[in-house]
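Colleague: Quick one: the structure is below, and I'll ask about it shortly.
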Amino acid sequence: RHAGLLAISQIGEGCDSQIENQLGAVVSMALQKFGDPHPRVRWAAINCVGQMCTDFGPRIQREFHAQILPLLIGAMDDSGVPRVQSHAAAAVINFCDEATEEIIAPYMETLLGKLLLLLQSSRRITQEQAVTAVAAIADAASASFSPYYDVFMPLLKKVLSISAGRQELRRLRGKVMECISLIGLSVGRQKFGQDAAQVMDILVRTQGRGLDADDPQSFYLMQAYARICRCLEEEFVPWLPYVMPGLIDAAKQTPEIEVLDALEDDSYEDQELEGMETIKVGDKRIGIKTAGLEDKATAVGMIACFVAALGGGFLPYVEMTAELMVPLLKFFYHDECRSSAAACCPDLVKCVAAQGEGAISQVKQLVSFMYPQMLDAIVNEPDVEVTVVMVEALRDVVDAAGPVMREMNDMLQRSVFVVAEVLRDREERKAERKEQAQLQDWDEEEKKGAEVEGMKDDELLDRIADVMESLLRVGGSVVMVAFESAGTKMGIPALVQTFANMLAAERPPEERRVALCVFCDLIEHGGPEGVAYAERVLPAMQMYATDEDAEVRQAAAFGIGSCAQYSGDIFVRAGGEGVLAPLGAVVSAPNCRSEENQYATDNAISALIKMLEFQPTCIPDANTVAQVVLAYLPLKADLTEAKVAHAGLIRLIERGDQSMLGGPEFKNLFNVLRVFAELLGTELVAQEVMPRIVALVKSLHSQIPADKLQVASSQLTEAHRAKIHSALA
């Protein structure tokens, strides 16, 4: 029975799709063994359930919490077998990793009561598991942990104090640091602030005493600093002089490296040296001491966390941090180091930019230092996941630097060429996967691996679209020139043609969606040269407005709206009237308001509003279109586009658009007032638009005949009438 349960644990890890189909039966079978007379079988059953909570989360938490948690709580009463008892606490940790606040809340009182008793156990392993379980519950429960704060925090602080300097309690002490910081992050600054100073004093004294290289407290200490920083935000700034020197030293450390000859059969991949990780570089393999490497990566991650959380409060450390982080963009020995360094760059720029206009020269100096290095790092990055982080960071630097980037035309243009290279590499990886699939019969694992790699490349494509939007918005025609030429020097189509190729019907939905988005940005931000592409891509937008994929429909509908707003007469020449039918099909579909389709429908309605405002000659029956629009409003799914669409509606009514008001008989007055009532006091309109709605309500009531107003008002709900009356007051 013991062996069978352990086997199921292993099978679940490697054959998850097979187990998933019968997950309920497997969970039920394992839970039955919680009552087995033999403790080793009970331990194995708990181990099996804990492993499944990791392998099949969050589904298993969502569907089987009522079966799993009561039995784990019961297993924590198994005081006769401490190993089973502590393993139940460990399984709670696995469960909480993928549990939501709503799932965990009903069990918290009982769970925490049991763990409080385990904390007082004489067995250190039981104490450690209990502390970590409390931390996991606090992390999952978030603010719901507040009622238990006063029970646990004094006890945890006491353990932290009395265990100082005791060699045998170092791991327990580290786990207590983790627990305290997670509880603080969960309950928030207002609650934790009363204890934060005392906790930080203890942590700083711990660091000041010096920690051995193998002391587990080092890792927990840095993680605790980061969480407490995120909790306290600017109130953490006074602690930086005590915390930063140690972190900088840890982040600067050079890992121990041993260069070895690469084995001809590449079997080095299976021959890890003790305490070292090996990677292949050219015809050599390099062994790197993992302990120092992990400490370095952790420190880099913590510093990045500080910069993100503290904003302008981190200013005194910006220069030294930039000098540390930028070279780490090419630290090929550790992916997380490169990712953290990249993510840190835009936050450093934001920190300096937060000082105001007087800091523009410092922003330019910082961007001039880091931006070229970021471009080089992206081109040479071997890992797709890290490339995703770097491209996203590049976009964020462009956004954070703002006006400064407009003075750096060479960097803007070079950015576009880098994007072309990244896209070329993506296309090559995609072609290679396709070729490999045709050459050999892939097993299930190989297919899944290829799918995962494809998903990474799809995410990269999304980030490329994001950075192109930022570059075009900041650089306009300067970027447009590069966009039309980038790629040609590398023997591949110009970047604009690469995206045009992605509009082909045989391309996957992800590529068609991104291509549509990029052309929307081109038309909106690319100046006259960009607007000219409306004539070329509007037919594709018209075709994809009714695509099977909801996200493609959304992008196409948004694109139609952009063309209507920005392309002027080109919209008419490109057959703008022809888009009415597909847009009408989107908004009249029976399931247009479903969760899957609502974003596409919102964008289709917004496109119709833009056509009413900017391209009225392309609408033969504006009255019918206006009725369709008003009947659907307000938009509630795509909040960004909702604000744009509602502002357009206000402009149309402000200028007395008869189609919106329903002609001289004011046939649409009820829907106009209903929409206004539903918009007032919400986030569905920009703040500056709200007074204009109030002004319109007053204007309509002063200009429209009383009998028409009475009829329209009588159709409103009581809540809507109350909002209108409040606006009139």
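Heads up, the Cβ atoms here are built off N, Cα and C, so glycines get one too.
Straight from TrEMBL, here's the annotation block:
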DOMAIN    84-254  domain 'Importin subunit beta-1/Transportin-1-like TPR repeats'
REGION    433-454  region 'Disordered'
COMPBIAS  445-454  compositional bias 'Basic and acidic residues'
REPEAT    537-574  repeat 'HEAT'
Colleague: If you average the pLDDT over the domain 'Importin subunit beta-1/Transportin-1-like TPR repeats' (84-254), what number do you get?
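Modeller: 91, rounded to a whole number.
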Colleague: Using DSSP, tally how many residues of the compositional bias 'Basic and acidic residues' (445-454) sit in helix, strand and coil.
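Modeller: Secondary-structure composition of the compositional bias 'Basic and acidic residues' (445-454): 10 helix, 0 strand, 0 coil.
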Colleague: For the repeat 'HEAT' (537-574), what are the DSSP-based totals of helix, strand and coil residues?
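Modeller: Helix (H, G, I), strand (E, B), coil: 30 helix, 0 strand, 8 coil.
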